Structures are given as C-alpha cells and as structure tokens.
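Features of the protein shown, as given by TrEMBL:
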{"type": "TRANSMEM", "residues": "29-47", "note": "transmembrane segment"}
{"type": "TRANSMEM", "residues": "98-120", "note": "transmembrane segment"}
{"type": "TRANSMEM", "residues": "151-170", "note": "transmembrane segment"}
{"type": "TRANSMEM", "residues": "177-208", "note": "transmembrane segment"}
{"type": "TRANSMEM", "residues": "220-239", "note": "transmembrane segment"}
{"type": "TRANSMEM", "residues": "260-282", "note": "transmembrane segment"}
{"type": "TRANSMEM", "residues": "294-312", "note": "transmembrane segment"}
{"type": "TRANSMEM", "residues": "324-340", "note": "transmembrane segment"}
{"type": "TRANSMEM", "residues": "346-367", "note": "transmembrane segment"}
Amino acid sequence: MYASQETRQPSATATHAQVEPAATAALPWWLYLIFCALSVVPFIAVANPPIVDFPNHAARLGLQCAMSDPVVSAMYGFRLGLIPNLTADLINAPLCGIVAPALVLKGTIVAALAILYCACWQIQRSLYGATNPFLLFVPAMSLNAVTTVGYINFLSGVAIAAAMVALALARPRMRSLVLIGNACGVLLFFAHIFALAFAVVFFFGWFLKWPIRLRGFIEAGLRTLAMFAVPLALIPFVPSESAELSISYIAKTRALFAPFLVHSGAQAILIPVALVVPFYLLWRHGRIALHRRMRLPLLMVAIYIVIVPCQLQDAVDIDSRTSVALAYLLFASLAPAGVGRPVAKLVSLLAAVPLIAHLVTVVTVWSPFSRQVDEFRAATALLPAHATILSVGADEGDTRTNIASTVAYSHLASYATADRRVFNPLEFTGIGMQPLHATGRFVDYDVPASMPLPVEAAIALKLPDALTRYPVLSKQVSYAHRWPERFDYVVYYHFGTDPNFDPQALRMVRQGSFFSLLQVRRPR
C-alpha cells in the first residue's frame, strides 16, 4: 500500500526539508481521499445532527431570510456589519429561498473541512516533499470540540489559516507574507476573531528564530503586525456591549481532549488515551519527527492555549477550539523518522481508530438523536406565533432518552423559533458577536448567549427576590426572573424523569420521550 520514498527528494518549496528526516513511506492519495470522504459522512447523512449550536445557527439563518415577514420583524432584527463571526451568514445571504438553512450550515462545514484537508496535504508536501500517514489524522479527527459543539464560523477560520500556512511555505518572502496575511487576514476577521488570533500567534512563532532573544522577539512582533495590519486595524471598530469584564479559567483540561471530543465523555477520553501510549513509544524510539520549521509556531500556539482563558465575556471554549486548530497543523507537520514501512502502517492503523469510532457514533448516537429531533419539531406545531418560551433542562436522566449528552439538546427550542415563529431568548444575539438582535417588547426577554435553566434555578427564579437572595443567578439568567408572569410556555428536557417539575405553575400540553411542552398557568 505504501510506496518507498527513500530516493525521493523534497520539493523546491521545502527549503528546510533537506535537514529533516524524510518520511519513509508515501501516503497514497486514494487512502487519504477515502479518509476525507468518510470523515464528512456524519455531516451529510444525518438530517438533524447532535451539534450543540446547529439549531441556533439554523434558526438565525432562517430568520435572516424571513425579515420581510412582519411576524418575524416584530421579534427580531438582522443587520450585517463589522462583526468578526459571519461566515455562515454571508454564505446564506445570496442563498435565501434557494437552499435551506440546515443545508447551508452543512455545506459550510464540509467546504471548510475540504479546504482544511487540501491545505494540510499541501503543507506536508512542502515540508517533506511528499505526504505521509500522519496526515490521516487530519480527517480522522473530524468530530472534535469545534465540529460537535458547532463552532462553524471558527472552523472556516481554521481552514483559512491552514491555507495561509500552505501559501506561506510556497511564498516565504516577507513581501508575499504581507500580502497573504492582510488579504487572508480580512477573511479571517469576518470568519471568527479567535481564528484570527490563532493565525497571529502562529505566524509570530513563524518569524521567531532560535535561540529566542529580545531583539528577535521584537522583530517577530513587528513582522507579525505588518502581516496582519489590516485585520488588526478593524478590531477597534467592532461594536461591543458595555458589560463588566468576565473571564474564566475553569475546565482548562478540556483543551487536552478537544481534538477528539465527541458527545460520549468516555469516548472523548478513551481515544486520546489509546493513542498516547503508541505515540509515546514511537517518540521514545525516535520514530516521529516534527519539522523544525513548524516547531516554534506550534510552540507559540501551545503557550497561547495555556495562557488564554476558557471564557471571555459570552465567548467560551477559547482554549479548546484553538487546541483543535493546533492539532490539525501538528499532524500535518509530523513524519515517521528512520527506516521501515511498519511505522507507516502502524500510524495508519492508529488513525483509523478515531475514524471508525466516529462512524460508529453516527449509527449509535447521531441517527437516533435525529429521530428525536423530528419528534420534538412535530410536537412544537401547537405553539402559537409570538409565544415566549423558556427552556429548562433536567440532569442526565435516563440514558435511553438522553442519547447524545445533555448539552446536545440545549438549543432544540431554536427549531421552534424557525418553524413556529416563537420567541426563544436563547438565540445568539450578542452585540458585536451576531447580526441578530431582539426588537420591540421582546428585548426584555433576551439574553446574548445562555443555556437552558437547571430545574433548581427555574424554581428559585420564581421568587420576587430571587436575584438578591441568589446573587449567583443574576448574570445570564435574569431574563427569566419571575418567569411565570412573563413566559407563555416552558420546554422541559426531562430525559425520562418527572415530566413536569412544577405542576402548580405549569400545565402539561405535550409529553415526548425526552421532553415536555408545558403551558404556564398565569398567576391570579
């Protein structure tokens, strides 16, 4: 399967490859193509994927196309602007009425992955003169913290950043890098601000030279500023909310598992653990080479991941999503060192492990979850337009109904926003983050970004003095204060537990296998 590569020389663009150990076995293009094709099956074959933010994004794109409907415009406004998070919205704009929002999102994911796969192929060819089996890990990690949570715009930014690296290897002169950085950097800015940050940090490491000295550090910084001058100059003009600065470093360890993070917590841990031992043994015996041209750039990104908070304002998983971007470029920069095709075959088998696990997940998790979504969307047909809905979630519940994970169900109410024209306060509407915003009387119900309330919080928020009695509740859930007086319906994800968590305040309207639609009993 693998052709010998012992006499093959690196390409002319691989200026540093001559001092690197060459890959001992070339990767057949058809094998890489098979891995790439299989990796996008989950996003194409499943109608309603358990991607956490997918319903929210689909609802926003649907509202974007329905702004002429007075029912919609009474609740929401949509305005494109200088917002560094717009890939899907810009793609959707000319496709309104032609392609369904869900298909736009799926197409965006597949297109971003395709660009990423091509860029990583070219990166490895430029570094080593040919591709090698480590490249198979790029499509093999297609289900990760970025794709399964639904950071679709960020994924498109990572694809652009990878293409920039491929171009930089082909055109390494500073003049070319300035053109590449500013042209692609503007695309990165509108794709996602954290993808731009990833690229800036990477190319800062690109310009560093070992050993690192103060002068070299300053020169690298100045070159990076020149390379990204235009997109960086746009940042001060991004509108923002005048909110108190909020950062969090909780759950930093999540970044370690992010490249293979799927809905099963066990699988997210088992796959990296299963790969650690053979990778360590290969490294211990000198069978893995990381190209020296990529060492400092990847090191700078790793340091950035350690330093950056998990959450900044309403933006979350900053470190975890960057960890996924790092993993893509890391696998593109590795090669088997020394002699022997067995190493290449072992690496190929290791890459097949996460890919097979992901395909199994499609059958055992994604498809059953999609049928649950069909059940939920059919049940919401009874909701009247302009009804205000509150989402509440139970704990894990019965695993027979909680198929994916609790978080995967968080934004299912967004399907009702698109299907029934109800007002759902969990639609993403942050100033400077999204083009969607609440209008009219619905502004008081809105929150920039949040998740379903835990049952305990929902019960506590009924009290008139809840926000003073429980100060911890006041930030992202104040929109739900005294909710029985303000909301019409509650979507309760019970997952097989008691289907009505507050019978005195709520009347059962429709009970599903994992959810209940509850009508609020108005206080007299």
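Cβ coordinates come from backbone N, Cα and C, glycine included.
For the transmembrane segment (294-312), the residues of the chain that approach it from at least six positions outside its boundaries are 127, 197-198, 201-206, 208-210, 246-252, 254-255, 318-320, 322-323, 325-326, 329-330, 333, judged by C-beta separation under 8 angstroms. Among the listed stretches 177-208, 220-239, 324-340, 346-367, the one sharing the most Cβ pairs under 8 Å with the transmembrane segment (151-170) is 177-208. Most Cβ pairs under 8 Å to the transmembrane segment (324-340), among the stretches 29-47, 177-208, 220-239, 346-367, belong to 177-208. Away from its own ends, the transmembrane segment (220-239) comes close to residues 81-84, 174, 177-178, 180-182, 185-186, 188-189, 193, 196, 199-200, 203-205, 207-209, 431-432 of its chain (Cβ-Cβ under 8 Å, at least six residues beyond either end). Residues of the same chain lying 6 or more positions beyond the ends of the transmembrane segment (177-208) and with a Cβ under 8 Å from any Cβ of it are 83-87, 90, 151, 153-154, 156-158, 160-161, 163-165, 167-168, 171, 216-217, 219-221, 223-224, 226-232, 234-235, 238, 296-301, 304, 315, 318, 321-322, 325-326, 329.
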